[in-house]
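This report concerns only the one structure given below.
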């Protein structure tokens with residue numbers, strides 16, 4: 001594989017990894033507070049539809065992108081209400097949210113299938129885009145990709161270097177101790193669910209506003225589930241999520257490029273690559289459990305205090 | 001999908017309450033696999049439905065986004081129970097469910113698109129899209145400078161393989177140096193994946209992108225790269241005004257009118273029909289102005305010849321290895337075409 005093929009492949013890896021990266025970061029933020037949200041796929045597609053509709057109505061992609069995040073937060077709040085207020089089972093609630101979100105978006109979106117809306121186009125950064133190798137890969141993307149370069153460090157700063165971040169993590173590690181220390185655990189977990197939902201919604205919007213400028217049924221195509229798996233791969237750390245998302249995007253882009261380059265490997269085998277990688281990653285992650293940062297109280301509800 | 005199907009069934013029930021008021025008219029129902037707005041496969045069928053809706057004494061309705069399998073059986077069963085006279089189901093996976101329903105309702109006429117099973121009251125139909133694909137291949141071959149054409153394809157089934165082969169034969173008829181590179185997406189409708197597949201073809205030097213996909217994703221990719229594209233299903237110019245050269249398109253109106261007339265006067269008989277350019281079921285979208293006049297004339301002359309009875313798959317045709325598959329002067333039979341699982345010379349890719 002030569003240089004002319006490799007650079008576009010890596011650039012495609014960054015682009016197809018970006019929607020997954022948004023969703024993975026959102027899910028990491030949520031799980032950090034102890035809430036397991038399996039509704040990523042459903043939240044993503046609600047975000048994708050909301051972003052598309054707002055872009056179509058207002059003609060302003062930036063407003064649409066923000067609206068998609070808000071829609072994601074609203075969708076995720078259902079999970080928060082069920083699990084945090086009513087102590088519902090987090091796994092069941094998350095799965096229900098996925099089914100609801102996908103059904104809802106396909107139903108509302110049916111009238112808009114195949115239509116196009118304004119979105120984000122590639123916007124090369126002056127100077128940086130001229131760097132050989134790195135320029136074409138990282139700095140000839142669209143604005144939404146550049147945003148994802150900033151989010152992981154900011155999320156890390158917030159979670160690990162601020163008091164609020166510590167409270168949020170405490171809610172996910174040891175809620176009882178956090179309550180004893182005077183932390184409002186319920187509020188923390190709600191913040192986790194809402195902010196996480198916001199980012200997941202942005203991931204969906206990336207698909208309908210930048211990756212393509214179209215709406216269609218099942219636009220997310222299972223990317224939400226990949227994000228759930230990547231959280232484990234990333235050991236719940238924002239920085240490792242970048243690596244995982246690009247690796248995954250790279251494998252998806254690679255299988256298409258292998259076909260285009262005229263390889264004789266059956267396409268069915270190539271198409272298995274991303275999913276084989278998911279399973280491999282999960283096995284690897286559980287094997288090396290020692291290194292993970294899995295929140296100790298992940299998936300467990302807080303017992304009513306009174 | 002199950003949820004969508006359920007919604008569709010509920011909507012159908014609601015729709016039927018309204019439509020049952022118009023009794024004694026010929027009631028025609030359509031079952032679509034995707035939403036009609038997709039600018040693709042179902043959209044093309046719905047345009048045909050709108051044409052027969054205009055006919056006197058005909059009312060139509062449709063149910064969209066019906067999942068193949070049990071959901072579709074329920075939808076068709078509902079239509080038959082409500083007294084529909086003629087039901088069109090337009091996806092391959094509706095074949096067995098339709099056959100089951102057809103046996104329970106011998107007085108209703110059932111028409112299944114793209115399958116191979118029939119019954120006394122169930123016919124099957126499809127279009128010779130490969131004829132239009134050959135013509136679009138001629139346009140692509142003439143416009144390519146790199147002699148590399150990219151083809152984003154859904155599934156390696158005879159229908160798609162046949163289309164790729166016809167496209168390649170057409171391209172090489174005007175440009176013997178042309179090769180067609182194929183990428184399988186294993187989806188009919190996923191704009192993100194289709195666009196990415198088109199980009200991967202652009203990266204290996206393709207300068208015309210064709211597709212056997214239902215979304216305009218590949219068109220977007222071609223437009224962004226500043227190269228040309230060939231659409232599919234319907235005129236996709238609106239999605240890529242600069243890139244779009246032409247598109248092999250469906251035009252189901254004439255065939256649906258004919259079928260409705262036959263059912264109305266009682267002359268309908270179960271059969272397996274495969275209309276093409278001659279019947280107007282498939283066609284070529286208007287060719288873009290960037291295509292030189294002599295190429296357009298050449299394509300139109302070929303179109304006239306095909307309508308007059310010339311076969312697209314006439315030998316000599318070699319397979320990918322260069323071995324002769326069809327002898328000079330022999331035309332492939334319909335049966336051979338329907339079971340085509342090999343690529344012609346000039347196609348780069350695998351049918352597995």
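Cβ coordinates are placed from backbone N, Cα and C, and glycine is handled just like the others.
TrEMBL labels come from automatic prediction, so no person has curated them.
If you check TrEMBL, you get these features:
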{"type": "TRANSMEM", "residues": "A:6-23", "note": "transmembrane segment"}
{"type": "TRANSMEM", "residues": "A:35-57", "note": "transmembrane segment"}
{"type": "TRANSMEM", "residues": "A:63-86", "note": "transmembrane segment"}
{"type": "TRANSMEM", "residues": "A:93-114", "note": "transmembrane segment"}
{"type": "TRANSMEM", "residues": "A:143-160", "note": "transmembrane segment"}
{"type": "TRANSMEM", "residues": "A:181-205", "note": "transmembrane segment"}
{"type": "TRANSMEM", "residues": "A:225-248", "note": "transmembrane segment"}
{"type": "TRANSMEM", "residues": "A:269-287", "note": "transmembrane segment"}
* May I ask whether the transmembrane segment (A:269-287) has at least three C-beta pairs under 8 Å with the transmembrane segment (A:143-160), counting pairs 6 or more apart in sequence? => no
* Verify whether three or more Cβ pairs under 8 angstroms connect the transmembrane segment (A:181-205) with the transmembrane segment (A:6-23), leaving out any pair fewer than 6 apart in sequence. => yes
* Structure fact -> Spatial neighbours of the transmembrane segment (A:93-114) not adjacent in sequence (6+ beyond its ends, CB under 8 Å) are 36-46, 48-49, 52-53, 56, 75-76, 78-79, 82-83, 214-218, 220, 224
* List, by number or range, the same-chain residues at least 6 past the transmembrane segment (A:181-205) whose CB is under 8 A from its CB atoms? -> 18-23, 25-35, 37, 40, 43-52, 64-65, 68-77, 79-80, 83-85, 144, 151, 167-168, 170-172, 175, 219-220, 223-224, 227, 302
